[in-house]
Amino acid sequence: MNPYILTPDLNGEGLHIGIVRARFNEEIGQAQLQACLEELGKLGVDERDVMVVSVPGALELGVALARMAESYEFDALIALGAVIRGETYHFEVVSNESAAAISRIALETGIPVANGVLTVDTDEQAQARAAGKGADCAQVAVEMANLAAALEPEEDDEDEDDEDEDFDDEEDDGR
């Protein structure tokens with residue numbers, strides 16, 4: 001057996017990336033954003049092809065991400081922010097609902113969304129993870145944008161029965 005294997009592609013040239021950053025826990029979000037933008041540049045994404053918007057908090061990420069995804073102007077999106085545990089149940093609500101919204105947007109629109117919302121117990125944990133998570137999200141966005149493009153069905157106007165692009169060379173005899 002010789003399967004067709006798509007390898008990770010971290011070439012960001014020509015990609016359009018949208019970033020939505022939650023302003024709550026501003027210092028953490030800024031560190032994430034800076035690391036994310038630096039990594040996107042290293043991966044070849046032109047700064048003119050990146051749009052950054054900010055929203056008040058993690059629960060508002062979904063609305064902005066949905067609007068950006070629905071515009072189909074972006075190859076991938078990135079959500080950045082931090083939810084730090086407090087003394088109430090609010091932490092669980094914000095963590096769960098923001099993660100669910102991010103996943104739902106990606107699945108419903110087919111636009112990859114890298115989830116960079118940190119969910120941590122302390123400010124120190126968030127600070128320690130912020131830059132790394134921002135850079136990771138840049139890599140995830142580029143890789144998933146390229147994967148989504150590679151998996152996009154090609155329109156073949158000339159011959160719908162052309163099987164040159166099939167993964168296996170065996171003819172289907174209808175059985």
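In case you wondered, yes, glycine gets a Cβ from its N, Cα and C as well.
Residues or ranges marked as active site, proton donor by Swiss-Prot on the basis of sequence analysis: His90. Secondary structure from DSSP puts His90 (active site, proton donor) in a helix. The Cβ neighbour count for His90 (active site, proton donor), using a 10 Å radius over every protein chain in view, is 11.
The 5-amino-6-(D-ribitylamino)uracil binding site feature in Swiss-Prot is assigned to Phe24, Ala58, Leu59, Glu60, Ala82, Val83, Ile84, Asn115; the stated evidence is sequence analysis. For Phe24 (5-amino-6-(D-ribitylamino)uracil binding site), applying a Cβ distance below 8 Å and a minimum sequence separation of six or more within one chain yields Pro56, Gly57, Ala58, Gly81, Ala82. Phe24 (5-amino-6-(D-ribitylamino)uracil binding site) falls outside any helix or strand according to DSSP and counts as coil.
Among the features that Swiss-Prot reports, (2S)-2-hydroxy-3-oxobutyl phosphate binding site is placed at Glu87, Thr88, Arg129, with the record citing sequence analysis. Sequence-distant contacts (6 or more apart, same chain, Cβ under 8 Å) of Arg129 ((2S)-2-hydroxy-3-oxobutyl phosphate binding site) comprise Leu118, Val120.
What Swiss-Prot records for 152-175 is compositional bias 'Acidic residues'.
Taken from Swiss-Prot, the feature region 'Disordered' covers 150-175.
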**Prompt:** Using C-alpha atoms, which one of the recorded positions Glu87, Thr88, His90 comes nearest to Leu59 (5-amino-6-(D-ribitylamino)uracil binding site)?
**Reply:** His90
**Prompt:** Given His90 (active site, proton donor) and Asn115 (5-amino-6-(D-ribitylamino)uracil binding site), what distance in Å do their CA atoms have, once rounded to a whole number?
**Reply:** 19
**Longest CA-CA distance among Phe24, Ala58, Leu59, Glu60, Ala82, Val83, Ile84, Asn115, per record bound to 5-amino-6-(D-ribitylamino)uracil, angstrom** = 16
**Request:** Across all the protein chains here, work out how many other Cβ atoms are within 10 Å of the Cβ of Thr88 ((2S)-2-hydroxy-3-oxobutyl phosphate binding site).
**Result:** 8
